[in-house]
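> Okay, handing you the structure first.
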Amino acid sequence: MNSSETGTIGVVGLGNMGLGMVRTLLRDGFSVIGFDLSAERQAEAASAGATIVGKLPELFEACQTIILSLPTAAHVRSVLTGADGLVSRDIDPRLVIDTTTSEPDVTRELDGVLRQLGHILIDAPVSGGPAGANSGQLTMMIGGADADVARAMPVLNALGGKITHVGPVGAGHAVKIVNNMLVASHLLTMSEAVRLANAAGVTTDNLITALNAGSGRSAISEVNYPKWVMNGGFDSGFTMGLMRKDVRLAMTLAQDKGVALPVSAMAGKIWAESAELLADDADFNRITEIDPAKAGAK
């Protein structure tokens, strides 16, 4: 598919994920306009071939499909309903695809606001990191009405290698929060497994090889440890600060829904208290380098 079938695509947020999506869309023949507050990110997107605008209203006016790749739900709310937001423009209905790891209830609220003006919102949070964004092989968890998701499929197919429609608006964001809660917990349990095996005389290499042939394997043992931990690279492109935010979202969602998660709550405590030892801009895989007891877990 190309831009003749979807209209010009606007990408709001040109960070590691947004920039990768811009490159993928351009490579697939889409016309792309980008917006970001960072001049450096603007320049990178421009060098990839995207048109850059200095103000959000310019993007809203020019683009029929708008992809959001932003840090938090608050940023999404500002872009859509703020002074220069989408709802302030007197324009034909737009399709908004929110790839942010955001809050399900906020997403449903914004969907209600946009629909009153004829706009369509689907949530499409992603997994796969910058590499997946650059290669068009993201895993995407989609929330939205069937017809709306069908309309977005040309764009989703360009960006995603694995696309799962998990339910109505907000469901995608719920699944992404659960996914990242599991990743955060798996990193902790995997680091404990390594420490235990090492203490018992088993090398990390041999442990990983055995685990990945057995039922204890996970994405952490199959991808994170070989690719970013064991080689000391710690360059996944995803930070401690972002994972701490996602873990907080999971804990807040559980509290709001009245669901007790004792094991995940302990993991959340470890992640929160790790801020004393690991800065927000550190790679999130570095959580494996610390002893949870030293992060304040009791």
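Cβ atoms are placed via backbone N, Cα and C, with glycine included.
Got these off TrEMBL a minute ago, pasting:
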ACT_SITE  LYS176  active site
DOMAIN    8-167  domain '6-phosphogluconate dehydrogenase NADP-binding'
DOMAIN    170-287  domain '3-hydroxyisobutyrate dehydrogenase-like NAD-binding'
> What does the DSSP secondary structure composition of the domain '3-hydroxyisobutyrate dehydrogenase-like NAD-binding' (170-287) look like, as residue counts for helix, strand and coil?
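With helix first, then strand, then coil, the domain '3-hydroxyisobutyrate dehydrogenase-like NAD-binding' (170-287) has 85 helix, 2 strand, 31 coil.
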> Show which residues of the chain containing the residue listed as 'active site', separated from it by at least 6 in sequence, have their CB under 8 Å from its CB.
THR101, PRO125, VAL126, SER127, MET141
